[in-house]
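Only one structure is covered here, and it is reproduced in the block below.
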Amino acid sequence: MPSTNSCTTMPANCRVRPCATRSNGTTPSVGGHLWPNKGWLFDGASVNISRQTANLIFPFVSLLSFSSTNMSWFIRKDKGIQTPTEMKREAPDGLWYQCPNCKQVMHTREHKLNAYTCVHCNYHEKVGSDAYFSLLFDGNEFTELDENMISADPLGFTDTKRYPDRIRATVAKTGLKDAVRTAHGPMNGTEITVACMDFGFIGGSMGSVVGEKIARAIDYALANKTPFLMISRSGGARMMEAGFSLMQMAKTSAKLARLSEAGLPYVSLLTDPTTGGVTASYAMLGDFNIAEPGALIGFAGPRVIRETIGKDLPKGFQSAEFVLEHGFLDFIVDRKDLKDKLSSLLKMLN
Ligand SMILES: [Zn+2]
């Protein structure tokens with residue numbers, strides 16, 4: 001601040017322009033004072049008081065014009081608030097859940113207690129094997145089968161990255177070894193074998209490990225005479241294993257035929273989405289094919305079909321409800337009732 005703008009009667013940091021009595025002895029024509037601890041400016045630009053009030057106190061202030069240089073000291077020059085990320089205060093992660101369908105917010109705990117379905121619109125959130133195992137097995141007690149089986153790279157396949165690198169990255173990201181987990185344990189007191197797919201692992205794609213784990217789980221069900229439940233959620237065959245993926249369709253189908261010969265029940269639960277080679281093999285081979293509400297079920301996706309037939313598709317095409325209406329499903333089950341409905345169904349079959 002130039003000394004000519006200082007005031008002899010006011011605090012040293014007064015921003016008067018010009019001041020009532022200048023330190024160099026000259027008399028200003030107009031002016032006012034800023035009292036830093038009171039936070040207002042008298043030379044026309046009011047901060048905490050209106051301009052009209054300022055005019056009453058200092059009739060001469062109207063002579064001053066507002067200029068950007070006068071006002072810039074209390075107007076933010078920089079756009080946006082520069083707060084470092086680590087200083088930002090936010091609600092802890094995972095406390096609230098927003099339904100992607102109805103956009104309503106609910107507590108994560110409430111959502112979990114409701115079997116990961118929306119309490120407002122019953123939207124069934126896409127969940128993985130962890131959630132299904134805890135929903136189905138009594139006290140979340142189960143024994144996992146072949147939990148360390150991991151994919152090889154039989155074709156030396158590379159797309160945007162090498163297949164082994166992609167597997168390694170996905171294992172690190174998801175904590176899963178492949179797109180299916182198999183386990184056995186009690187469900188309402190009855191022993192059952194379950195295979196459940198995880199969409200988070202390369203789109204739930206079916207490669208050699210998926211096929212082999214399902215085949216071995218069926219072997220376990222056969223050896224121990226337990227019913228078999230398959231929970232599918234998949235985009236189809238895994239392209240990085242090409243022909244080897246397609247072989248899994250035949251392998252799992254053959255194993256399921258053996259299960260059928262042994263008179264053991266096989267229930268296939270189709271969840272959102274179940275498409276491609278998975279729909280074309282084990283997902284549709286159940287003694288009972290059941291689905292969750294609103295699940296997308298199909299072979300090719302709607303866009304491919306629309307482009308192929310050159311026609312618009314009917315409303316709700318490929319939804320579980322549409323597929324049920326056209327005779328490809330036995331029933332649709334709400335996830336909250338899944339365990340009890342499966343138990344009564346298996347009781348009936350025994
Ligand atoms: Zn909802």
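Glycine residues also receive a Cβ, built from the backbone N, Cα and C atoms like all the rest.
What TrEMBL says about a protein is an automatic prediction, not a curated fact.
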| remark: Checking 99-121, 122-144, 260-282 against TrEMBL, the stretch recorded as zinc finger is 99-121
| Could you give the mean pLDDT over the domain 'CoA carboxyltransferase N-terminal' (95-350), rounded to a whole number? | 96
| request: Reduce the DSSP letter at CYS121 (Zn(2+) binding site) to three states and note it down. | output: coil
| remark: Within 8 Å of the Cβ centroid of CYS99, CYS102, CYS118, CYS121, the other same-chain residues by Cβ around the recorded Zn(2+) site are PRO100, ASN101, LYS103, GLN104, VAL119, HIS120, ASN122, TYR123
| By a simple count of other Cβ atoms within 10 Å, which of CYS102, CYS118, the binding-site residues in the record, is least packed? | CYS102
